[in-house]
Amino acid sequence: MDAEQKKMLSDGAAAVASVDSSANNKVVSTVWNGYDCVFSNDDYLKKLQNGDIHHGQNAKAEVSTDNPRMSFRRRGSRRSLDDFGWLRQLDLRSDVPSIEEIRDWSFDTLQFEEDILVEVFISMLEFYDLLKEFNLDRETLKRYVFAVMHKHRKDCYYQRTDIEGEVSVIGTTANASEEDCKSSDNGHHVFCEYHNWYHAVSCAQACFLFLTLGGADQFLESKDIFCIIVGALIHDLDHPGTNNDFEVKRNTELAQKYHNDSVLERHAISEGLNLCARNPEFDWLKSFDNVEDRKYVENYITEAILATDPARHATIVKEALAFVEEGPKAYDSVTSESLSESVELTQFDRANLKHRLFIGRLFLHSADISNPLHASFDVARDWAVRVTTEFSKQASKEKELRLEVTSYMDGLDSEYKIAKVQISFFAFMVQPLFDAVGKLFPNLSHLNDWGEANCDGYREVIAACEKERGEG
């Protein structure tokens, strides 16, 4: 790395811990907020030249969680210091959308009553006629999906008006106790701004779009498609609103049970599959009465959900880049440590289980971090304030428990800082991944354009803040 590149990296010292080139300069590995990231070398150099790699989160500040933030059915926002008006004011829809609406990039799960999303999920499976193909009882599946909904933490911005003129508050995380923060079956006793039922359906719908509009379904068997959509729905089941590192630092029962490895992902897999085992009324797995088919479904869902662990991000991107650079034949033999020369790019081999499983892993991880790419900046910004609020609450809990504070979660107390971290997250994590996705599936190549447009929206927020402070 030359002196000019090093200088350009200096502003991102908090984000970049190391930069190593490998694989004949085709891949650059770096670290963003403790997560391993991978770029193609050309893309990384381009970011450096454009000044896109920077980080604006060096400042530290105490984050107050004294004031609950709620809305009336996400309508008539009750203003607080950390809302910034980014949470939209919505009357939630109680109608079931058509499959044409669901199969559109503008679809927004946050617009709907939570129960309606059960039908949205089943509609995606019915689009592929999977209930009929696998002899899945619709009512059994519906009961299962409702159980999954109730096993997710409540959206703390969700309210109902049960009596005209009176608001029934379902919950807020603002005053959640330490006991409530534990990863256990607390049902609706714990509330999450981000890792809730809406995020689950959002990820399933993103996968549905990758499959249908992205054209990836042609490379998959019906069982794979089923596993991808179901896996996306349950990938964060019983998520406590804090991350794996928080579980490990507290040495929780889950961390011990799963040996500090993908703790919450393994917990979600266990909870999702055990719903079938514990209650015959939820047991859609019984439709796969062939032992091999049942094992296939369980293993595919397991591997796909494990890929959503952010610690596996670099591995996923390296595998995708291996496909992009050299094609499936090379991917069959590479270990993602290096890329060899000049192997002709070919399509995925539908007969190759490894290829099909790779698509599932790639799509679940991609869907999990796809909110910054939404076609609407208002929707992307809504999700952004949700996830950063969860981050802030985790940082506060870490301080209270005298744990090491996760630096990138601390100090997110202004829209300026949130806008900065969203641009950085896109540059380091989202854009490199979806660059590879777009090359593998050209019908998805436009998604990063929407991400760039949303970053422009955040840049406007930053410019306005700097102007107000007299920095412009």
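Cβ coordinates are placed from backbone N, Cα and C, and glycine is handled just like the others.
TrEMBL annotations: computationally assigned, not manually curated.
Pulled from TrEMBL, these are the features on record:
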type	residues	note
ACT_SITE	His195	active site, proton donor
BINDING	His195, Asn196, Trp197, Tyr198, His199, Asp236, Asp368, Gln422	AMP binding site
BINDING	His199, His235, Asp236, Asp368	Zn(2+) 1 binding site
BINDING	Asp236	Zn(2+) 2 binding site
DOMAIN	80-472	domain 'PDEase'
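A separation of roughly 10 Å, to the nearest angstrom, links the Cα atoms of His235 (Zn(2+) 1 binding site) and His199 (AMP binding site). Neighbour list (Asp236 (AMP binding site), Cβ cut-off 8 Å, at least 6 residues apart, same chain): His152, His195, His199, Ala200, Cys203, Leu264, Ala268, Thr308. On the 0 to 100 pLDDT scale, the domain 'PDEase' (80-472) averages 87 in this prediction.
Excluding the listed site residues His199, His235, Asp236, Asp368, the same chain places His195, Ala200, Cys203, Ala232, His239, Thr308, Ala367 with Cβ atoms within 8 Å of the centre of the Zn(2+) 1 site Cβ atoms. In the structure shown, the C-beta of His235 has more C-beta neighbours within 10 angstroms than that of any other entry among the recorded positions His195, His199, His235.
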